[in-house]
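**Student:** Just lifted these from TrEMBL, have a look:
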type	residues	note
DOMAIN	B:11-69	domain 'SKP1 component POZ'
DOMAIN	B:108-153	domain 'SKP1 component dimerisation'
Amino acid sequence: MEDEGCDRHPKRSKPTNHCQFPSTSMQESTSTIPILPEELISEILSRLPVKPLLKFRCVSKSWLSLISSTEFVNTHLSLSANKKEYTHHMLILDSNYMLRHCNLRSLFREASIRSIDTDYPTKSNGSDKMWPDFDRIIGSVNGLICLSTENDHLFMWNPSIRKYTKLPDPKPRLRKVYWRQYGFGYDEFHDDYKIVGIFFFDEYGTTNKDEIKIYSLKSDSWRSVDPCPIEDLSIDSGKFVKGKLHWLTKTPGYNFCKGGDIISLDLADEKWGKVEQPCYGEGDIELWAGVLGSDLSVFCECDGIHVDGWVMKEYGVKESWTKIFTVKYPDMAYSDLKYPMFFMSNKGEVVIVFGSTSVIYNLKNGSLRLSKVIDVVGCHEVEIYVESLVCPFSTKGIEDAAKTKGEKAQIKTIE
Amino acid sequence: MASTTETKQKKMLILKSADNDEFEIEESVGVQSETIKNLVEDGFTFVPLPNVYTKALIKIIDYLKKHANKTDSNDEEIKTFDKDFVNTTFDDLFELVSAANYLHISCLMNMLCQTIADRIKDKSPEAVRKIFHINCDYTPEEEAKIRKANAQAFEGQFDESLD
């Protein structure tokens, strides 16, 4: 990338990267064979989905090293994340506790779509399990998904390349944890993936306040952070926006959120902050947080009939909160999943995912259509992720693997 | 020899290809290329392009002319033009992508790279090697190992064709 624009001969390549002696001579009109420099190979390959890239690792050694390089992985991620048609985005959801996924683009285009199996970390391989693990999807960033299982194990997983790592136990201060919740995000400043765990203890009292711990993938360890300034956070997973995790706060006297501030935790400096919410208006409301594109958003359910979608267009500016849609609950969807998440397409459409049923709302003309993932039942968890080659835990895994019984222990490839 | 005097408002440029052919185009058409734009800003009206051959340059000038006249109403027409433009052999696409890169025409670069990516997506590694004129430098054992490590990507059928 250094010598942009100069000395780039179309019929010449860097000799180190390419073999220049093709066995066949198929060129009719040109006498020389166009061989592309690595820079242009990279430009082309970075526009491919993950699966062909894994396949093309075996084209040559230079292709393998290109596709495996951090720079390429990052370029590929940013191109994939910004694909206009969401061709590289996937919707992941559970069906009877099994995680399945489908293409987000299909959801926008078709009324009924099918999902396919994923090789998620706790997928039962038969006899050794009495019941399936109930996995909660904590969040997704850069193509990685963070999962927590019923028996409180945590995993960081890249479904596109089928790699995962099991994370160490957070070991809360007290044994009796009656509720734990997490948030997952990326600390760009330190180039580190982090998980925040909030532990509520059974023996609740002045001396047994909640404990908050943060996990850093780089250090592969948990440590405590300053307690949250507000005690009653919503039970939902933290929402990752602008380098911070966000939680709504519960309204005193209620078990859910009706307003108040949104609490944030900055993953780089670990400082707590507050984000003001808009005025949602009258009526019996219940709120939950979400992410739209890269903006913080809030769903406001009014009187159990319709949902308003609010977006904070300019982060931290209260006046920039905008109500972008009002959608009535679709009949069949209400029982399926109470907490929808939403996402916007480039054509001014918002998809609001209520479990297996999604409502696609056109912002311009207000029209609605439905899309259903037909082979999913009893959906509780839903998340959107972008297909990526990001695998920040690979080297560690390989080192660990050497220590333990000749088999990969920390990181596993599911085949 | 550069700008003609009778058309004051239409400044012209001469582009000279690597095989010494000269092409006269309007400045407004040429400056869609960042490389040409920079030269024009430095006062040049004669632009030698030692890295762009005539065959590619003719096509690229066509592209620039078409896209210079982009309006709200000819959207479909341009789409059809673009579709025809990329409907060619891989070797031609490689020539064009090299030229577009040298000329810094980002929308053309993007279209060409995406076209090539879409066309190789379902191909076998063997077909891709032939298309890109790459000799396999793996030993059979090394290749088998890579294939095994990425087994999921080798599920299903591949397209072995070279076009």
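Backbone N, Cα and C atoms are what each Cβ position is placed from, and that goes for glycine too.
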**Student:** Just give the helix, strand and coil counts over the domain 'SKP1 component POZ' (B:11-69), going by DSSP.
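**Tutor:** Reading the DSSP string over the domain 'SKP1 component POZ' (B:11-69) gives 27 helix, 13 strand, 19 coil.
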**Student:** Within the domain 'SKP1 component POZ' (B:11-69) only, compute the mean pLDDT.
**Tutor:** 93
**Student:** List the helix, strand and coil residue totals of the domain 'SKP1 component dimerisation' (B:108-153) as derived from DSSP.
**Tutor:** 34 helix, 1 strand, 11 coil
